[in-house]
Structures are given as C-alpha cells and as structure tokens.
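The structure appears below as structure tokens.
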Amino acid sequence: MDPVDPEVPPWHHPGSQPQIPCNNCYCKRCCYHCYVCFVRKGLGISYGRKKRGRPAAASHPDHKDPVPKQSPTITKRKQERQEEQEEEVEKKAGPGGYPRRKGSCHCCTRTSEQ
C-alpha cells in the first residue's frame, strides 16, 4: 500500500472517492455506487429539511363545494387509453416484461460491460 501524505485530509486520499460522480438515477447499480448513494437512494435517508403541507383553510370558498362526479364516458375513454398504452409497453418489452436491451440503464450512460 502506498504511503499517504498525513497533511492531506482523509476525503482527499486516493481511492476515497468514486471515479464516476454521483447522479440522480435510482437503478440498482447507481444505488450501490458509493456509501453516500447507498444511504440516500438505497436506504432513503436524507437529513434535509422536511416539507410539511399546511392544512387547508376551512373558510376558503373552494373547499366547501364537493367534487362533481365524472361522466362514465370520460372514465371509459381513460380506461381505453390506458389499455392502449399498456399494450404498447408490452410490445416494446421482451419476454417477461423486461426491456430487450440487456445490461443498460435508461437513465445513466453506463452499461454492464463497464
């Protein structure tokens, strides 16, 4: 093992940081990219500010009227459109519902060969 300069902080030692920078991808490979990615993406732990929604004001006029029911024709059209989209996805996917391309992630540039 090579000697390390004692004046250099530990986070700047050789091999302490991954060669490829972290990204926003949540695929399995990117979740195990480094310790930070594993904690944030794999375990879902973040120490950032928690956003909480405020309760709606009861005096506001928009909150008093109930939501009108949708006509059955609109819901039928939505169902038909959703079924068509599912069929398109099944056509694009290979056997078992997996994409035909093997070993590549659609959201990052790395493939299984790397």
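Cβ coordinates come from backbone N, Cα and C, glycine included.
Feature annotation from Swiss-Prot assigns region 'Transactivation' to 1-48. For 22-37, the entry in Swiss-Prot reads region 'Cysteine-rich'. Annotation source Swiss-Prot lists Zn(2+) 2 binding site at CYS25, CYS27, CYS30, citing sequence analysis. Annotation comment: Swiss-Prot describes LYS28, LYS50, LYS51 as N6-acetyllysine. As annotated by Swiss-Prot, region 'Core' applies to 38-48, with the evidence given as sequence analysis. According to Swiss-Prot, the asymmetric dimethylarginine annotation covers ARG52.
Structure with Swiss-Prot features highlighted.
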{"residue": "CYS25", "record": "Zn(2+) 2 binding site", "DSSP class": "coil"}
{"residue": "CYS30", "record": "Zn(2+) 2 binding site", "DSSP class": "helix"}
{"residue": "LYS50", "record": "N6-acetyllysine", "DSSP class": "coil"}
Practice prompt. Count the other Cβ atoms sitting within 10 Å of the Cβ of LYS51 (N6-acetyllysine), across every protein chain shown.
Written response: 5
Worksheet item: Got a sec? Which of these binding-site residues, CYS25, CYS27, CYS30, has the most Cβ atoms within 10 Å?
Response: CYS30
Practice prompt. Can you check which residues sit near LYS28 (N6-acetyllysine), meaning Cβ under 8 Å from its Cβ, same chain, 6 or more apart in sequence, and list them in order?
Written response: none
Worksheet item: So what sits near LYS50 (N6-acetyllysine) in its own chain, CB-to-CB under 8 Å and at least six residues off in sequence?
Response: none
Worksheet item: If one measures from the C-alpha of LYS51 (N6-acetyllysine) to the C-alpha of CYS25 (Zn(2+) 2 binding site), what distance in angstrom results, rounded to a whole number?
Response: 22
Response to the item:
One should report the C-alpha separation between the residue listed as 'asymmetric dimethylarginine' and CYS25 (Zn(2+) 2 binding site), rounded to whole angstrom, as 25
